Amino acid sequence: MDGAARAVSLFFRIAVVGLSVAAAVVMATASQAFPFNYGGAVSYTKYPAFVYFVVAAVVSAVCSAAALYLSVVREAAAGWAVALLDVVTMGLLFSAAGAVFAVRRMAPLYLGVAGADTVAGRWVNGEFCHAAGAFCWRVTTSAIICAFAAAAVSVAVLTKGARHRGKH
């Protein structure tokens, strides 16, 4: 089981790096000409939560790559460093995905869409996606990718723990 658990952990660590970079790229390229006169276009840079998302995804990719390196090259000597990097990566990814999902849900209120302050208004207006569909699609896609990255780092940590369980 030790070799299989190590392989699974390494697979998911590699997946975290790729998914974090993909989430950051999808969000960083999200922009659309806005159909109403709210400044001409909407971009991720107009929302502090989306900027946080991009920064958090990039930092989590770096942390995950460092944890991957330490897991492969210096496995025995860097156990505490890998654990710290894993915690930072999980915290950044879960908080970034949560922030994007929250902003996506509350965007009609922020933009002053008519009727958005009522439950019926939010349903009829289709949240933010009603006004800027392509932008919303990219934002939602990047948040989903980020959530998968957070789940992948969780699996990597759990399989690493399963690998060390029998050694004590």
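Each Cβ is built from the backbone N, Cα and C atoms, and glycine gets one as well.
Computed from a predicted structure; not experimentally measured.
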Per Swiss-Prot, Asp2 and Gly79 on one membrane face:
yes
Using a Cβ distance cut-off of under 8 Å, indicate which of 7-27, 50-70, 81-101 has the most pairs with the transmembrane segment (139-159).
7-27
Looking only at residues six or more beyond either end of the transmembrane segment (81-101), which have a C-beta under 8 A from one in the stretch?
16, 20, 23, 27, 49-50, 52-53, 56-57, 59-60, 63-64, 66-67, 70-71, 139, 142-143, 146-147, 149-150, 153-154, 156-157, 160
Which numbers of helix, strand and coil residues does DSSP report for the topological domain 'Cytoplasmic' (71-80)?
5 helix, 0 strand, 5 coil
Distal contacts, the topological domain 'Cytoplasmic' (71-80) - CB-CB under 8 A, six or more residues away:
9-10, 13, 160
